[in-house]
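Asker: So that we are looking at the same thing, I have put the structure below in C-alpha cells.
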Amino acid sequence: MDQVQVVGLTYRTIGFALLGGVALLTGLAVLRRPGGASRAIAAATLAFAFFCLPTQIHERYSFFALPMLLLCAATDLRALVPFALIALTATINIIGALPAFIPPLAAWIVQSGIPTFAAWLNLATLLGLLILMWFDRREMLDVPPASV
C-alpha cells in the first residue's frame, strides 16, 4: 500500500512530508511562545503526529504523547480531552493488533469498522492539538497568579 502513487508521490512520502510540516509548525509555535506549557503541548503534538502521519508505525507509538498531555493538564484541563481520546484509540489499536490480550475482542475489533473510526478520530485529535498549540493565548497574557 505504501507504494501507491498520488500525484506522483507515495503515501509514505506524503506522510513524511506532513510530519515535516507538523514539525515546522511545532518549532514555530515554540519560538512564538517558549514557555513551559507551550513546550509540553508542542511535544505532545509532535509525538502524536509521529504516530499518526507516517505509514509504517507501530501501535504502541501512540502512547508517547500521553505523558506530555498530562503535563499540559497540570495547567490546562482541556488537555484531558485529547489524553482520553488518545488513550481510548491506543487501547483499541493494541487490543486489535495483539490478539493475545483479549482474543474475542480483538477479532471483533479487526472485523468491525472501529479501526477506521479510530484512525479518523486520531487525525481529528491531531488537528485539535495543532489548533490548541498554535492559537492558545494563555502564556501571552501577563496575568499574575491568583494569591490565596
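Every residue gets a Cβ built from N, Cα and C, even glycine.
Not measured: the values here are computed from a predicted model.
TrEMBL feature annotations, pasted as is:
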TRANSMEM  12-31  transmembrane segment
TRANSMEM  40-57  transmembrane segment
TRANSMEM  117-135  transmembrane segment
Asker: Please give the sequence-distant neighbours of the transmembrane segment (12-31): residues at least 6 beyond its ends with Cβ less than 8 Å from one of its Cβ atoms.
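Answerer: Non-local partners: 2-3, 6, 38-39, 42, 45-46, 49-50, 53-56, 126, 130, 133-134.
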Asker: The transmembrane segment (40-57): which same-chain residues, six or more beyond its ends, come within Cβ distance under 8 Å?
Answerer: 1-2, 11-12, 15-16, 18-19, 22-23, 26, 29-30, 64-65, 68-69, 71-72, 76, 79, 82, 86, 122-123, 125-126, 129-130, 132-133, 136
